[in-house]
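K.L.:
Mind looking over this structure? Questions follow.
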């Protein structure tokens, strides 16, 4: 019973600490509110686009069925791999990821992570243009077939479906950029309080944070990569699938291995385990080889079906780049073990908080300091 009470107190303390960081200032509150709002609004708009795109897949199937029943002598357009609705599903999944990433950035007071999620927001918004092009190309490709069958055409209504989502994603990305700019001074001060004025230790700590951030992003992209390969196993054309079966088996093995390795890497960094991180760096090369094989295999597959899935190609290239950066920063983190950072962080965690100054007051003090500097500059210009 006593153990349960202690656990409850620890959970309550942890929640209070996180809540204090979330509500530290109007900027943090507004930033996270915008992140929640973005998740809700963009997800709703993408669900609409998903329903539209899924309707297009059903429309294609209905044309093939109509042609088979009525025996029209029309040139049959090869049925495309139904990748378009996957894009929308991934878009929605990204909104949930950016919500988690935004909260985690504020709670961990991680400036680089905030910059990264802002860049990802812009990148995903720009990919919305690619989505529009994909649906236009797909409709134009099947248009002669539907005209030959004397069937009504499929109208995507892009202005009503795609553009609102694209424009709002850009709007939210700009707003998040403006708000995240205000974090840099405060989070820099928090880094100084945690690590001190030792520049070398600050650099080592930042490299560690970047490495952990790369692990999180890689984990997210790996989940996205795993989904289409599960879907490919449901393809009716087993002849196409069977020739890639060895690659799928190897990929399934390396996917399971990659999740285990990322867990090992995360634990090794927190415990400064040289063995664990060395094992990660050595075995991660297998994962990189897997990404290269999948990239080549995917290009061959899409050639065989006469189509291409732009998102999957971009995703594989990003995973390759992330994997390289993981190795680079992994080596940096490994070489910095036993530098005194672990002991310093452990000491800080054990220290009792003696100050009664809340975070929001620190924010207010920083705002006053910034305003006073601006006022000083103003008076200097006026005197001149």
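Every residue, even glycine, has its Cβ placed from backbone N, Cα and C.
Not measured: the values here are computed from a predicted model.
I grabbed these lines from TrEMBL:
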{"type": "TRANSMEM", "residues": "30-51", "note": "transmembrane segment"}
{"type": "TRANSMEM", "residues": "89-107", "note": "transmembrane segment"}
{"type": "TRANSMEM", "residues": "119-143", "note": "transmembrane segment"}
{"type": "TRANSMEM", "residues": "163-184", "note": "transmembrane segment"}
{"type": "TRANSMEM", "residues": "209-232", "note": "transmembrane segment"}
{"type": "TRANSMEM", "residues": "244-266", "note": "transmembrane segment"}
{"type": "TRANSMEM", "residues": "278-302", "note": "transmembrane segment"}
{"type": "TRANSMEM", "residues": "308-331", "note": "transmembrane segment"}
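Describe the structural context of each listed feature in the structure shown, including burial, neighbouring residues and relevant distances.
P.N.:
Outside the transmembrane segment (89-107) by six or more residues, the chain places 18, 21-22, 28, 31-32, 35-36, 38-39, 42-43, 46-47, 50, 113-114, 116-117, 120-121, 124, 128, 131, 176, 183, 216, 220, 223-224, 227, 311 with a CB less than 8 A from a CB of the stretch.
Remote same-chain residues near the transmembrane segment (119-143) are listed as 38, 49, 53, 56, 60, 63, 77, 80, 84, 87-88, 91, 94, 98, 153-154, 156, 158, 162-163, 165-166, 169-170, 172-173, 176, 217, 310-311, 314 (criterion: CB distance under 8 Å, separation of at least six residues from the stretch ends).
Residues 27-28, 30-31, 34-35, 37-38, 41-42, 45-46, 49, 102, 106, 109, 111, 114-115, 117-118, 121-122, 124-125, 128-129, 132 of the same chain lie 6+ residues outside the transmembrane segment (163-184) yet bring a C-beta within less than 8 angstroms of a C-beta in it.
Sequence-distant neighbours of the transmembrane segment (278-302) (same chain, 6+ residues past either end, Cβ-Cβ under 8 Å): 81, 225, 240, 244, 247, 250-251, 254-255, 257-258, 261-262, 264-265, 268, 308-309, 312-313, 316-317, 319-320, 323-324, 326-327, 330-331, 334.
Residues 81, 83, 86-87, 90, 127, 130, 134, 207, 210-211, 214-215, 217-218, 221-222, 224-225, 228, 265, 277, 280-281, 284, 287-288, 291-292, 294-295, 298-299, 302 of the same chain sit 6 or more residues outside the transmembrane segment (308-331) yet have a Cβ under 8 Å from a Cβ within it.
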